[in-house]
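Reviewing the structure listed below.
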Amino acid sequence: MSGDGRVKLTSTGPTSARRGIRFWLIILAVCMFVFLSALEFSAVATALPTITHDLNGGKFVWIASAYGLASTVFLPASGGMADIWSCKPFMLLWLGMFGLESTLCSEAQNMNWLIAARIQGVGGGGILSVSSIIILDLVPLRERATYNGLIGMTWGVAAAIGPIIGGALAQHSAWRWLFYLNLPITGVATLLIAAFLRVWTPGGLFSEKLSRMDWIGNVLIIGSSSLIVISLTWGRVKFSWSSA
C-alpha cells in the first residue's frame, strides 16, 4: 500500500519477455490441440449419414452425443488435476488418450464399437482444459486476451471448415479419414509439448493433492450432465416427453 492509501497491484503471473522459438512452438501445439477438438465436433456431425449407412446402425445421434458428453463432464476434473499436479503430464496423457481413441474410431466395424470409442471426448475435453492452463502459465495477464483470441480464432476456423471436410470425405465414403487425420497432428503436438513445455510443478505430498480435488463436485457434475444429455437424446426418439 502506498503512502496515500492506495493499493498497488502486482502481477504474480509470468512477466513479459522476448519470446523465443520454444514459446511459439508451444503456442503452435496448443492451437493444434484446439483445432483437433473443434474439428471433431463439426466434421463428424456432417458425415453422420454416411457413417450410419456404412456401419448399418441406427443410433447415429450417439456418435456426436457420446463425444460431447465425455468432453463436457470431464472438463472440471481434468483442469483441477492439471492445476494441482502439473499440466504437462496430464496434457501428454490426454493427447495419448485422444490419439488411441481416434485409432479405435477409425477402425470401428459396427455402431456400438464407434460409440464406445467416442470416449475420445475425455481426451478432447482434457486437452481444451489444460490448454487454458498452459496459456495462464506462459502469458502475462495483460497479454492473455490476445492469446485467448488466437485460441478462439483457431476454434472458429476449425468449426467453419469442419463441415466442409466432413462432407467431402463422406461423399467419397472416406469418413474414416476424419479420425486418421487426428493421428499425425496429435503426434506432432505431443512431441512439441514433451520437448519444449517447461512449467512449474506444485509441491506437496500426493495424499495432500488428492484431498484438494473436489471429488463430490466432480461426481455431481458427471451424473447431472449425463442425465441431461441422455434425456435430450432419448426425448421423442426412444421415449415420449410425457412418459416420465
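Any Cβ shown, glycine's included, is placed from N, Cα and C.
Residues or ranges marked as transmembrane segment by TrEMBL: 21-48, 60-78, 115-138, 150-171, 177-201, 213-234. As annotated by TrEMBL, domain 'Major facilitator superfamily (MFS) profile' applies to 26-244.
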Is the count of Cβ pairs under 8 Å between the transmembrane segment (115-138) and the transmembrane segment (177-201), pairs 6 or more apart in sequence, 3 or more?
yes
With contact taken as 3 or more Cβ pairs under 8 angstroms (pairs 6 or more apart in sequence), are the transmembrane segment (21-48) and the transmembrane segment (177-201) in contact?
yes
Could you check if the transmembrane segment (60-78) is in contact with the transmembrane segment (177-201), meaning 3+ Cβ pairs under 8 Å among residue pairs at least 6 apart in sequence?
no
Can you work out the mean pLDDT of the predicted model over the domain 'Major facilitator superfamily (MFS) profile' (26-244)?
85
